[in-house]
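Trainee: I grabbed these lines from Swiss-Prot:
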{"type": "SIGNAL", "residues": "1-20", "note": "signal peptide"}
{"type": "DISULFID", "residues": "CYS435-CYS455", "note": "disulfide bond"}
{"type": "DISULFID", "residues": "CYS439-CYS451", "note": "disulfide bond"}
Amino acid sequence: MGKLPLLLLLLSVFLTSTLALRLSNEDRQQELGQCLHRCDIRRYSPDMQRACRHKCHMDFGGRKSDEFVVVDYHYEEPELFSLSPYQMCKFHCRADDSGSFGRMLECEKKCAEEYGNENSRNVDERSPSDSRKRFEECRRKCQKTHPDKQLECIRKCQKAQGERKGDYTFEVCERRCQDTRHGSKLACIDRCVKEGRDNEGRPVSPKCQKKCEGEGYICQRMCMKGSDDDTQDRQVSLKCQKMCEGKGYDCQKRCMRMDQSDDNDQDTQVSKMCQKMCQGKSYECQRKCMKECDDDTQGRQVSLKCQRMCRGEGYDCQKKCMRIDQSDDNEDPQISKMCQKMCQGKGYVCESMCMKGGHDDTQCQKMCQGKGDDCQKMCMGMDQSDKNEDPQVSQMCQQICQGEGRGCLQRCKRAEKVDDANTEMNVDPDVRAYCKHQCMSTRGDQARKICESVCMRQDGKIMLLSTISEVVARLLDD
C-alpha cells in the first residue's frame, strides 16, 4: 500500500508532461499555420514567398522538403534546403517581418560583406564596377523621371551599359518594381503582369524574333509595338518584297515609304482606275500609274482622257498619251492640227507618232495618200527636224530620244545643263555615294552624269530603276 501513492505520483507527472507536450505541439502547429497564412497574404514575389514559408517551418517545426526552397534572384537553379552561411544570412534578410525592401537590401549587403561570397551572382547588384554603378544611377533616374515608362527606360539603361544577364522576364520585371518608391510599387507590378499577358499567344514577326534573340518577351513586345508590321504594311511589304527581290531591305523600306506617300496623296478614283488598268500586271505598273496621276485636277482630267483613248492598248499607251498632252502647249499648233487631220479615223497611235515626228519617207507617203503634197511636205519636214536638231544637244540625248520627238530632246538637254556643283551642295553624302554606285554601270560619261544628276534630284529614289532608258523615262515624268 505504501507504493501506491508513489505510483500515482509518477503517473500524474507522466500524464502532465505528455499533455504539456501535446499542447505545445498544438500551439506550434497553430503558430506555423498563422505564419504560413501571413506569407500567403503578403504581396511577395514567388521566391520571397517560398523563403517566408521556409522560415515558418524552421521556426515552428515541420517537414523539410523540396517544396520549401530559397531561390536566389539570379540563380538559374533553385537552392535546396541545405544553405550556406551566406545564403542563410540572406534568407533571414528576405524573410524579415518589417517588409521594407530598402532595409532588406542593406541587410543583404552586410551579408555579402560579412561572408564575402564572390561566387554569388546575386544581390550585390549595386556592384563595385563603374559600369554597374552607372546602370543603377540610370535605373534610379528612370524610376524618378519616367514612372510610366520605366520598363522601356530601364531597357535603354541596360543596353547602354551592356547589361545582358538573362532574359528580361516577368520575375526580373517584378524585382525591379520592388525598389519603386512613393506607393507606385503595385502599379509597377500590374504593368509587369500586363506586359506578360499581352505577349501570350501573339505571333512575333521573324524580324523581331531575330532582333530580340536572347532578350526576352518584353523586347519582342516593344519591337512588335514599334514595327510597321500591321495588316496594311504587311500587304505592302509583300508587294515590295517581290519588287525588291535581291535588292535588300533598303529597297523595301523606300518602296514602303513611297507607297505610303502614294496612299496619302492619291485620289480614290485614280487609285481604283490604276488597279483596274494594271489588273494582272506587276505592282510596279500600279505604282507608276499612281505616280503619273498627280492629285491635281489637270492630272486627273488628263489621266481619264488618256484612259478612254488608250482603252485596250495598255499602260504604255496611256503614259505616252499623258506625256504628249502635257507638251501640247509647246507644240506647233499647225503641226497638231495637221496630225489630227492626217490621222482622222486611224486612232491615237497614228496621231501620237505624227506629233513626235517619228516617220520615214515611206510612212509619210502612206499616211498622206490622197491628201496632197502639203501633207507629205509637212510630214517630211517633221522627219527632217529630228535629223537637223540643235547641234548643242548631245549625241547621247539624240540617241536616247530617237523617235521620241522634240519634247524629249528639250528635257534631256535641260538635264545635261544641271549644275553638278549646286546639285551636290544640297545632296546628302550618302545619297550622292548611292547614286554614283547605282549609275556606275551606265555606259558613257554623259549618260552616267545625267543618271547621277537625276538620281540625286530624286533623292535616291531612282534606286528602283536599272537602265538609262528608265532613268530618262523618270526624267520625262518630271
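For all residues, glycine too, the Cβ spot is worked out from N, Cα and C.
Locate each feature and note its surroundings.
Mentor: Residue density at CYS451 (disulfide bond): 28 other Cβ atoms are found within 10 A of its Cβ, drawing on all protein chains shown.
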Trainee: C-alpha of CYS455 (disulfide bond) to C-alpha of CYS439 (disulfide bond): distance in Å?
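Mentor: A Cα-Cα distance of 8 Å.
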Trainee: Near the Cβ of CYS435 (disulfide bond), how many other Cβ atoms are there if near means within 10 Å?
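Mentor: Summing over all protein chains shown, CYS435 (disulfide bond) has 24 other Cβ atoms within 10 Å.
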Trainee: Count, for each of the disulfide-bonded residues CYS439, CYS455, the other C-beta atoms lying within 10 angstroms of its own C-beta, and report the residue with the smallest count.
Mentor: CYS439
Trainee: Looking only at C-alpha atoms, tell me how far CYS435 (disulfide bond) is from CYS451 (disulfide bond), rounded to the nearest Å.
Mentor: 8
